[in-house]
Amino acid sequence: MKNGVANKAADVVSNYIRRNPRIGIHIDGFYKVELSGYDAQQMLEMLCVSYNNSIKDGKPPHLILDTTQTGVASEAVKTFAAALALPTMSASYGQDGDIRQWRNLDGEQQKYLVQINPPADIIPEVIRSIITAQNITDAGILYDDSFVMDHKYKSLLQNIPTRHIIAQIEDVSTIQPQLTRFRDLDIVNYFVLGKLSTVKTLLDSANANKFFGRKFAWHIITQDKGALRCSCSNASVLFVKPEPDPASRERLSNLRTTYSLTSEPEIMAAFYFDFIFRGLLAIKSMVEASDWPKNFTYTTCNEYKEENQPFRKNLDLRKHLRQVQELPSYGNFLIETNGHSYVEFTMKLEKVSILNSQSVSSESIGSWKANLNSPILVKDVASLANLSAVTIYRVVTVLQHPFMMRVEDENSGVRYEGYCVDLIEEIRKLVGFEYEIYVAPDNKFGNMDENGQWNGMIKELIEKRADIGLGSLSVMAERENVVDFTVPYYDLVGITILMKKPKTPTSLFKFLTVLENDVWLCILAAYFFTSFLMWVFDRWSPYSYQNNREKYKDDEEKREFNLKECLWFCMTSLTPQGGGEAPKNLSGRLVAATWWLFGFIIIASYTANLAAFLTVSRLDTPIESLDDLSKQYKITYAPLNGSGAMTYFQRMADIEARFYEIWKDMSLNDSLNEVERAKLAVWDYPVSDKYTKMWQAMKEAHLPNTMDEALKRVRDSKTSSDGFAYLGDATDIRYQVMINCDLQMVGDEFSRKPYAIAVQQGSPLKDQFNNAILLLLNKRKLEKLKEKWWNLNPARQQCEKQDNQSDGISIHNIGGVFIVIFVGIGLACITLAFEYWFYKYKQNPRVAMLTRKISTQKNVMDKIHPTSLADFTTIKSKTSRRFTGLE
């Protein structure tokens, strides 16, 4: 296989040996064979021709220098060398077992069939070290023709828990599709193995497609020397390139300037120079040490027979390679077993920052010693960690209080809060990732149409635009066919009914409305008529007190029933206190007894009717369940158009229709005999058509398109028994009831389903989120979130408790009684003032004068001796009796 760098290095070695006779190597002949194509038989023939010619010329080869890289040509050389037992140094690519023809070499063969891995075969191993150091979970590896990765597909990241893809950059046109494919597979850590020219083209394409930022990480690994360049607007890249051993830099510089070792990449040119030169020095050492067989025989290709293969013993080329003391051109050679022999060089790790196509900084952060399993040595662990991609998941959601709410902040812009935001934050703390939330374009959870096409959050997950579906997303069978659900994080939630809350009419004088106005007027008329009649009977009855005073002079209670006393008596007779002393005459007592009986009946009727009236006013609850709603026609009802509730009723109606068709086909089946047909003969339709009727009523009521429209229709209802009822998700309805005091949730939930987080099918997030949710359940964190966003929600309204049958009479209905008291007290105060005024200023002047005289006499009598005062009192008493007799 044509290897220009190796060919150039071989020429430099020949020139170097010729110009330095002190080395003591004489090259009698250099036979070059360039192999190409895929025909192994043809390649073996080419090798045999050159080999036979060397023997014919008397210059049989001491050493075969194999600079093939991989593939058929490499296997052909290995077959040729092993079969003819020729000392061979191979610079082919591959680790243990990768070179098929040298897999089962015995101990003697391993001494003279030596493989040394070129630097380009060791450099990709730095990817394994970087991934291990940064704990990277995904990797997209791109390489160009300067690296051979055929054998790395299975071994590069073996036993490393990292999702990865290895792909070759065939030409410029494939770069953008490959990056897009990586992104679609959620691979955000990119490793590029290639020439700096290839790297620039790839980074330019990545910049054009916005593949830079915190969510992406770029690791550029090259064999070239020089600075990293790209037309990137803002990028931070981990740049890994080889660095020659400090002790060898002078020799490398001399080879480049004096002997024209200028092939690129420099590390490969130096490797092939040392590889060829050291091989020749090892053969020289073997000859000088007499370790080269004196009777070394060569078998031509024509003489070769498989049953009688040549065998070499004690031809230890590997030992003499270890003993070569020549100063290396790039790094020391480590000669171990095949697949573990290589050049010990160092890869330098730099953090390169590019801004507006200019490299603004290049910071050395560590190094890597070339090895098959060598760790990275970093100066600061944090600097390396900052170069890894931050795992940022795209979270699609639907706005729904209180699970997901969008808040516009003047400082931070738009942010989200709610139950689900707190939930994903708790999961993030346990799993370790970052996320960005966006709302589904149609703000829907996801339903499948008649063509099997999805919308909403489910569509975003199916089409790989989102990694996580977060919200009050119900677990449904059809959804589980296209996405994966985690374990439920919320209780079972179903569909329920939202209605306008009934308002019990209140009135301060509600106790007066128990009886009609006509009744109150009749009672008032009866009151005045009875009082007047009692006054008339007492006035004209000869047995009344006022007409027969002498007869009742010894009674303790004396009461003259004038008109004022009659009015007072009839009024107080209606109270528990009673009317007081009854009339003395029999006719008056009959009137009083009749009034008492009338008052008893009126009071009893009023009390009973008041209780019944207040109770009936609180019994206006016409709808209590879905069955009640389906059996009436006064209240219209419907779910949101396109909602899960609509899908539920539509499917239930469709199922009922299908059951009807099945029953009809069974009943009308002509193939049934008379007995079987008789078993199906029933008078009643055996399948309910409840949902069919409800779905028809919903379509006639016109389904609202938004939640605001549905709420408006509910509020516009005349009463709770005449208007519109909304059927929807119980959490939506519960939240609306929580923040609105004029709405109520009616009936039990039905079609209950749990809420869970959705992820893409086959996503590793499912297991990670399952573990996190179970931990949160054990720690009771989910209960605390529910308490926070429901019971302690700042939007929660403190609504007045709705009256019910067990409650007492509210102040709104009985408050008029207190007004009556205050009015009565006010009238009493006015009357008192009038009495005082009338008594003081409107009395008879003579009476007032007599009052003053009596007052004066009293003052004089106070000055009289007590004995004289007693005599005066006796005289006054007798005089008074005399005047009384004159009456």
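Numbering starts at 1 and runs along the chain as displayed.
Each residue, glycine too, has its Cβ placed from N, Cα and C.
Look at TrEMBL and you will find S474, R479, D729 tagged as L-glutamate binding site. The disulfide bond annotation in TrEMBL covers C48-C301, C741-C799. As annotated by TrEMBL, site 'Crucial to convey clamshell closure to channel opening' applies to I623. The feature transmembrane segment is assigned by TrEMBL to 518-537, 593-616, 814-839.
Note: the L-glutamate site is recorded as S474, R479, D729; in the same chain, F445, S472, L473, V475, M476, G644, K753, Y755 also have Cβ atoms within 8 Å of that site's Cβ centroid. Here the transmembrane segment (518-537) has long-range neighbours at 512, 544, 561-563, 566-567, 569-571, 583, 585, 587-588, 591-592, 594-595, 598, 602, meaning same-chain residues at least 6 beyond its ends whose C-beta is under 8 angstroms from one of its own. For C741 (disulfide bond), the nearest of the recorded positions C48, C301, S474, I623 in terms of C-alpha separation is I623. Taking a C-beta cut-off of under 8 angstroms and a sequence separation of 6 or more, C301 (disulfide bond) has the following same-chain neighbours: L44, L47, C48, Y51, N52, L84. Separation of the C-alpha atoms of C799 (disulfide bond) and S474 (L-glutamate binding site): 30 Å, rounded to the nearest whole number. For the recorded positions C48, I623, C741, C799, the ranking by surrounding Cβ atoms (within 10 Å, all protein chains) places I623 first. Separation of the C-alpha atoms of S474 (L-glutamate binding site) and I623 (site 'Crucial to convey clamshell closure to channel opening'): 27 Å, rounded to the nearest whole number. Long-range Cβ proximity for R479 (L-glutamate binding site), meaning a same-chain Cβ under 8 A and a gap of 6 or more residues, is found for G446, I458, L473, F485, A758.
Within 10 Å of the C-beta of S474 (L-glutamate binding site) there are 22 other C-beta atoms, taking all protein chains into account.
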